[in-house]
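S.K.: The structure that follows is given in the form of structure tokens.
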């Protein structure tokens, strides 16, 4: 019997016949004869003494054949059979990531993306397609560029083609010096002659890195924003639902808006209701019955004044703090379905195909009439930072106007249905998004600085509203036939982040809270649903805001 730390186990009795066959190996095997198997261990101390004496000698190995399976008694010593790979039996089981570990993983991935982009450029394929991994590929190394915009040195590494007279396996693994020059230099005369125009053009380019105020490059910001919210979860249900009986199911109207004063205005039939985002109290501002009905609403950018468009073609200004009308402005001959503010200028679009610019401070309020649209104007949105106005109409046209000019700067006719949904990006200059109706079902993104279309997204349903997030580089779209859903999109990847469901009819109205944290959607199912989508970055205080109706405000 073999003795090991007080435990006994049976061993093979024919080990003495193979002692002279494997003298070169130095493995420890206790192969005693049958005469020694009768000996027993009386105490644990003798077992340790015999084990030390056995290790001081060199024992030959057992014959080279499969060892019989043994049932070892020591539960602390695993069976180390040669045919068993321990890593397959003792692999650590990875459980689901906790929220803390998930955030840490996302942060690590974003930081790695930032370092790659800043140190090695935006082409991630250079990390994988090295010359060693792919010897038959051509690798272009970006050349250092001076302030003059001229490539002083051109460095290109190429692998020469293999010859047909030699073994391809040998040549692919043998470094060969290129037959042409690696470095190219230009004489000062040729350099000045060929690059004078390029130098001036490059130095005047506003997109140069030295003119940027950001600590990172623009491509890095796009990469980080694209991966920041990748795969994040959206709420499955709204955190508040309000009944809205009498909410019109008309695609061409705009009956919902959330002001900077944290008041939500909604028009139900002929009445305008105000819901306080602070106290959740509901107030009836005014009832226009029986003389008129409400067709559009829009809060002033700063303050508590609300513009109301009516079916008769008039536009009224109301002070929501006192629920009193301050003035009435005429001009349209039919209903006013779209309103948009640019400081003290209120622009209105009507069913008479006209757009009116009104200065609310002047007695003679409207000073410009735009007549480029051929059918009803159903979408208006000012970009106050660049003084650009975007308008959409039932003539399937999207137009961009430079300030108060009478002719459009651009006129796009790519949509094949009415263009009501319009929104400007608050994060990039000149980026505009527009959505088409039932026959179109697309969201198109435009670069208004160049007058070109950037993206075309087929949503599969009617696009009723578009709204860009104030906090993140994302935009929200609401849809009618046939999905009746709310979608969140990432920019610039234009990938769908998620979908909000719950409405049972067309989601015709959309507004965002003043802090940019929540949105509210209104549908023809006569409900208002509140969704929390973003994290608030700052607190907005209505008491510190100046209004264009403030008498102490200067007239520009």
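Each residue, glycine too, has its Cβ placed from N, Cα and C.
Note that this is a predicted model, so its numbers are computed, not measured.
Swiss-Prot lists 1-80, 126-173 with the feature region 'Disordered'. The annotation compositional bias 'Low complexity' is assigned in Swiss-Prot to 12-37, 159-169. Per Swiss-Prot, the feature phosphoserine maps to 62, 187, 214. Annotation comment: Swiss-Prot describes 98, 177 as phosphothreonine. The repeat 'WD 1' annotation in Swiss-Prot covers 246-285. Annotation comment: Swiss-Prot describes 289-328 as repeat 'WD 2'. Per Swiss-Prot, the feature repeat 'WD 3' maps to 331-368. Here Swiss-Prot flags 372-411 as repeat 'WD 4'. Annotation comment: Swiss-Prot describes 414-456 as repeat 'WD 5'. As annotated by Swiss-Prot, repeat 'WD 6' applies to 458-499. Under the heading repeat 'WD 7', Swiss-Prot lists 502-541.
Context for these features, please: burial, neighbours, distances.
M.R.: Cβ neighbours within 10 Å of residue 214 (phosphoserine), excluding its own Cβ and spanning all shown chains: 9. DSSP assigns residue 214 (phosphoserine) to coil in the three-state reduction, placing it in neither a helix nor a strand.
Panel annotation: around the repeat 'WD 1' (246-285), residues 292-304, 306, 308, 318, 320, 323, 337-339, 376, 378, 394, 418, 420, 437, 462, 464, 480, 505-506, 508-514, 520, 522-524, 526, 528, 540, 542, 545 of the same chain, lying at least six beyond its termini, place a Cβ under 8 Å from a Cβ of the stretch.
Same-chain neighbours of the repeat 'WD 2' (289-328): 253-261, 263, 265-267, 269-272, 274, 283, 334-341, 343, 346, 348, 350, 352, 358, 360, 365, 384, 542, 545-550, counting only residues six or more beyond its ends whose CB sits under 8 Å from a CB of the stretch.
Panel annotation: around the repeat 'WD 3' (331-368), residues 252-254, 295-301, 307, 309-315, 317, 374-382, 384, 387, 389, 391, 393, 404, 406, 548-549, 555 of the same chain, lying at least six beyond its termini, place a Cβ under 8 Å from a Cβ of the stretch.
Within the chain carrying the repeat 'WD 4' (372-411), a Cβ under 8 angstroms from the stretch's Cβ atoms is held by residues 251-252, 301, 337-343, 345, 347-351, 353-355, 357, 417-424, 426, 429-430, 432, 434, 436, 440, 444, 446, 448, 451, all 6 or more beyond its ends.
A Cβ distance under 8 Å defines the sequence-distant neighbours of the repeat 'WD 5' (414-456), meaning residues of its chain 6+ beyond its ends; these are 251-252, 378-381, 383, 385-386, 388, 390-394, 396-398, 400, 462-468, 470, 473, 475, 477-478, 480-481, 489, 491, 494.
Residues 222, 225-226, 228-230, 232-234, 251, 417, 420-428, 431, 433-438, 440-443, 445, 505-512, 516-517, 519, 521, 523, 531, 533-537 of the same chain, all 6+ positions outside the repeat 'WD 6' (458-499), place their C-beta atoms under 8 angstroms from a C-beta of that stretch.
If you take every residue in the repeat 'WD 7' (502-541) and average the pLDDT, you get 89.
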